[in-house]
Structures are given as structure tokens and as C-alpha cells.
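Novice: The domain 'SSD' annotation in TrEMBL covers 1-142. Annotation source TrEMBL lists transmembrane segment at 43-67, 88-111, 117-143, 180-200, 347-367, 374-400, 412-436, 457-479, 485-508.
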Amino acid sequence: MILLLAFGSLVAAGLPIVAAILGLAMGQMGVLIAANFLDVATFAPTLAAMIGLGVGIDYSLFVINRFRQAVFAGRDAKAAAMESVETAGRAVLFAGSTVIIALLGLFIMRINFFNGLAVASIVTVLFVMLSALWFLPALLSLLGTKSLALRLPWGKKRGQVHPEGKAWAHYGRFLQRKPIIPALVSIVIVVVLAIPLLSLRLGFSDDSGKAPGTPLRTAYDLMAEGFGPGVNGPFFVAVELPKPNDAAAYAAAVKAIESSPGVASTLPSSAALPIVLANPTAFGADGTIGTIMVTPDSAPQDEATDALLSNLRENVNPQITAQTGAKLYVGGQQAIISDFTSVMTSALPLFLLVVVGLGFLALVLLFHSIVVPLTAAITSLLSFAAAMGVTVAVFQWGWLGDVIGLAGTGPIFPFLPIMVFAILFGLSMDYQVFLVTRMQEEWSRTGDNSASVRRGLAGSGRVVVIAAAIMASVFLAFVPDKNSMIKLFGVSLGSAVIIDAFIIRLIFIPSIMSILGKANWWLPGWLDRILPKVQIEPGEDEVTDDEQLVASKA
């Protein structure tokens with residue numbers, strides 16, 4: 001529907017989908033091949049398909065949009081196809097490379113789990129990008145003007161100027177009347193959406209989040225009702241004894257754990273110690289290891305269970321070591337989850353620094369500016385915070401849970417923030433480039449910052465809206481999925497695209513650039529002299545009708 005509204009042609013609307021599906025199919029084959037050489041999570045192909053379908057349609061949209069403009073300007077089909085590759089093709093190459101670079105940042109984590117997710121996503125993005133750059137232009141050249149056939153009533157005719165170009169020009173002037181107001185309003189909205197992020201809890205949801213009536217949920221509920229909530233997530237403690245068959249040290253460990261706050265029971269209990277100690281193999285073959293199963297009095301994903309784990313490791317273990325010389329090693333599923341979460345949390349700052357730093361340097365090279373890349377990097381972090389705030393509100397607090405079919409609330413998967421930021425950063429940089437490239441061209445030509453901002457909106461605002469709407473629709477289409485992990489990615493990525501494109505890129509960025517004026521394009525002279533000139537869009541002799549309209553009105 002979005003493509004039909006955008007192109008006004010049944011054939012033109014179908015071509016991006018065809019190209020994206022072809023690239024997606026090739027990407028999925030690549031994922032299957034990669035799975036023979038490294039561990040790939042079971043949900044990775046679905047996540048890769050979600051990302052690939054969205055960016056694939058977007059990239060094809062940019063190419064067809066340029067082809068359509070060239071045809072309506074009077075060029076023949078082959079020349080229009082070549083021009084689409086020379087113009088939009090370069091933008092697609094930069095956009096796809098940005099997403100891939102952001103995903104490559106996942107290898108910084110040095111965790112096989114992330115390596116599999118990164119490879120699956122990168123392979124898929126690569127193939128949908130190649131489909132938009134190679135297959136689609138060839139198909140457009142082959143079909144010729146038939147690629148714009150079956151025009152709908154609102155479809156554009158040859159020689160007709162886009163009415164939306166004038167509308168975007170008016171929108172730009174509206175923002176520039178008092179740019180401080182839309183800038184503040186957009187930031188307030190983003191900050192409010194980010195507030196729930198302060199309550200973020202990372203972890204893996206237990207089976208209480210499964211749909212009621214399913215075997216896993218039924219078993220979980222019956223176990224909790226019969227034996228207490230903690231039976232679904234016990235801890236297993238290995239007691240390293242200071243000397244073989246040291247019953248006193250083992251007994252002290254059992255009693256200390258049993259009396260700790262948050263413990264429902266231990267196996268063995270202190271009352272059963274005489275029976276256990278009577279067994280000659282109680283401490284293993286060499287008599288130096290004892291085991292204790294600890295059942296919390298709280299459910300696996302409760303904060304109280306995490307507090308118990310911390311208490312056992314940070315307080316009880318040093319106490320027992322000081323008293324008896326024994327050492328406690330706390331394991332179990334919940335302990336593994338806690339350790340994994342800690343690794344993710346500790347690695348996140350480095351990941352953000354590397355990805356944002358590389359993006360910043362790429363934009364400095366592209367725009368020959370310090371301020372534009374800086375605002376892009378900061379606003380990407382704001383979009384990420386707001387999207388994660390929405391995710392916390394839905395999946396931890398339960399807001400709109402019934403609407404999306406959420407069975408229960410729980411913590412956020414620890415790898416979600418990293419994956420969401422990697423994908424969002426690549427997309428947000430793409431939207432920034434599509435908008436600011438046109439602004440930079442006008443600034444270089446006229447030195448008029450206000451006209452530059454309006455031209456950026458008039459030349460690329462429509463495409464960014466359509467691309468973001470398609471991307472968000474693809475992500476949100478996965479929300480009804482029964483897999484809670486896919487549902488989580490759908491909500492977080494869908495909200496991230498909506499916030500970044502419609503609030504940050506189309507409201508805040510034009511407003512703040514209008515406020516900053518010439519400062520947007522500041523770059524130290526010595527740096528400007530050594531940086532090469534990089535051009536994404538065509539020169540001034542190839543501007544579109546919409547852009548000429550805005551420039552003349554400036």
C-alpha cells in the first residue's frame with residue numbers, strides 16, 4: 001500500500017518487493033551455508049529476514065524513484081536505468097555499507113552467539129543491496145517504460161512536477177519560523193519516551209512468558225504451584241573442600257546457604273547432612289568436591305533471584321572461605337544468564353564507542369563538517385534510548401501487552417540493545433545522509449543555510465518518509481509472531497525507525513540545523529585540505545524539478 005501511494009503504479013510498486021525477495025532468498029541461502037561453519041541461533045534467519053526485507057525494499061525504492069524521475073524528465077529507459085545506478089546506486093552502496101559496518105561491530109563482543117547473528121544479518125543485507133544495484137537496474141532497462149505501467153489515478157504523468165516538493169518546501173519554512181520550538185518539542189518527546197529505560201532489566205524470560213495452555217507454560221505453572229516459584233530456576237553450588245572429605249567445611253557451607261535470605265530450601269538440607277555424609281562417595285572420587293542445590297523463594301526472572309545470586313557469590317562465599325577454607329562456585333541456568341548479561345553490559349560501552357566513532361568519521365569525510373556528524377551521532381543515541389524506553393514499557397511494564405498478544409512481562413534479552421543499536425545506527429546514518437547531502441549541495445552553491453535546509457527536505461523528505469514507513473511496517477509485521485524474541489525485535493526496531501525518522505530526522509535535525517546556521521558546516525582548515533572529496537549524489541546539472549523549485553523559492 002505504501003509503495004502504491006508512493007509510485008502510483010502497480011508495476012512500479014511491485015518491483016521493489018520482487019528485488020527484495022530475490023536478494024532475501026539469496027541471503028537466506030548464504031545464512032544456511034554460513035551455519036555449516038559457525039554457530040547460528042535458531043531465530044537468526046528470521047531476524048535476518050526482518051532486516052533484509054526492510055532494507056531491501058528501501059534500497060530498491062531509492063533506485064526506482066531515481067529511474068522514475070529520469071523517465072519523467074524525458075530520458076529513455078536505458079539511460080534512466082544507468083542514471084539511477086550512478087545516483088541512487090551510490091547512495092544505496094553507502095547506506096548498505098553503513099549498515100554492514102555497524103553490524104561488524106558485533107564482532108567486538110567476541111562471543112560466538114553474536115558472531116552468528118552478525119554474519120546472518122550481514123550476508124542478507126549484502127545480497128539485498130546487490131539485488132538493488134545489479135538485478136533491479138537490469139530489470140528496469142529490460143522493461144523500459146512498462147515498469148511504470150498500470151498507473152493509478154494519483155500517479156504522476158510525464159512532465160508533471162511533484163506537488164509534494166512544494167509541500168515539503170512549505171514544511172521547511174514552517175519549521176524555520178521559530179525553529180527552537182520544534183527542536184525542543186521533538187527532544188522532549190524523545191526524552192519522555194526514553195524514561196522507562198531507567199527501569200531496564202536485562203535477562204532471559206522464563207517459561208512464564210509462554211502462551212497459556214502450551215506444554216512449557218503448563219509445566220512451569222504446575223511446578224511453581226506444587227513446589228514454589230524457585231523450583232523452575234535452582235542454583236547449583238560446587239563446594240571445593242580445603243582437604244579431602246572435609247565434612248565440617250561442607251556442613252558449614254550448607255548451613256550458611258540455607259540460612260541466607262531468599263533461599264526456600266537446599267538439597268541436602270542441614271537436617272539431612274548425617275545421611276549424606278554417611279555416603280563414602282558424597283564428595284566425589286577424590287573427596288574434594290561437594291554439591292548443593294539451592295532453590296530460591298522467588299521466580300527465576302524476579303529481581304530477588306538476582307539478589308540471591310549476588311549474595312551467595314559476594315557475601316556467603318567469602319564468609320565460608322574465611323571460616324573453613326572452602327570455596328563456593330555458584331552455577332545453574334540463572335547464574336549463566338546473569339553472567340552473560342554482565343558480559344553484555346560491560347562490552348556495551350566499547351561497542352557504542354567503536355560503532356559511533358566509525359560513523360562519525362565516515363560522515364566527517366562525506367560532509368567535511370564536524371557539527372553535522374556530531375549531531376547525527378548524538379541523535380542516534382537519543383533515538384536508541386527512546387526505542388529502548390518503548391521496549392521496556394511494553395515488555396517489562398506490560399503496556400499494550402494485550403494488543404500485541406504478550407503472554408507475560410519479563411526482563412529484556414541482554415543482546416537486544418546491542419543488536420537494535422547496530423541496526424538502528426546504520427539506518428539512522430542512511431536517513432541523515434539522504435537529507436543532509438542535498439543540504440550540503442545547496443550550501444556549497446549558494447552559502448545560504450536556510451535554503452539548504454529547505455532543499456534537503458524538499459529533495460529527500462518524501463523518500464525518507466516512504467523508506468521509513470516501509471521499514472517500520474516490515475518490522476511491526478513481525479510483532480504478532482508467537483516467538484517472544486521475534487516479537488521483541490519487531491517492537492523495538494519498529495519503534496526505533498519511527499522515532500528516528502519521523503521525530504529526529506524530519507523535525508529535530510532541520511530545526512537544529514536552522515538554528516546553528518553556518519556553524520553546521522564548520523571544519524578546521526587544515527583538516528578540510530587533507531580530506532578527499534566524496535560525493536554521493538550527482539552534481540548541480542542533475543537536480544530534480546522539486547529541488548529547482550525549492551532553490552528558486554529560497
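Backbone N, Cα and C define each Cβ position, glycine as well.
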Novice: Mind checking which residues of the chain, 6+ beyond the ends of the transmembrane segment (485-508), have their Cβ under 8 Å from one of its Cβ atoms?
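Specialist: The answer is 43, 46-47, 50-51, 175, 182-183, 185-187, 189-190, 193, 379-380, 382-384, 386-388, 390-391, 394-395, 404-406, 412-413, 416, 419-420, 423-424, 427-428, 431-432, 435, 457, 461, 464-465, 467-468, 471-472, 475-479.
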Novice: Assess whether the transmembrane segment (88-111) lies in contact with the transmembrane segment (412-436), where contact requires at least three Cβ pairs under 8 Å among residues 6 or more apart in sequence.
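Specialist: With 3 or more qualifying Cβ pairs, these stretches touch.
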Novice: Which of 43-67, 180-200, 347-367, 374-400, 412-436 has the most Cβ pairs closer than 8 Å to the transmembrane segment (457-479)?
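Specialist: The listed stretch sharing the most Cβ pairs with the transmembrane segment (457-479) is 43-67.
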Novice: Do you know the DSSP helix, strand and coil residue counts for the domain 'SSD' (1-142)?
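Specialist: Across the domain 'SSD' (1-142), the residues distribute as 124 helix, 1 strand, 17 coil.
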Novice: Against the transmembrane segment (180-200), which of these stretches has the most C-beta pairs under 8 Å: 43-67, 347-367, 374-400, 412-436?
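Specialist: Ranking 43-67, 347-367, 374-400, 412-436 by Cβ pairs under 8 Å to the transmembrane segment (180-200) puts 374-400 first.
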Novice: Report, as numbers and ranges, every residue of the chain located at least six residues beyond the transmembrane segment (412-436) whose Cβ falls under 8 Å of a Cβ in that stretch; write 'none' if there are none.
Specialist: 47, 51, 55, 62, 91, 94-95, 98-103, 105-106, 109, 113-114, 117-118, 121, 200-205, 337, 340-341, 344-345, 347-348, 351-352, 355-356, 359, 362-363, 366-367, 372, 376, 379-380, 383-384, 387-388, 391-392, 395-396, 456-457, 460-461, 463-464, 467-468, 471, 485, 488-489, 492-493, 496-497, 500-501, 504-505, 509-510, 513, 536
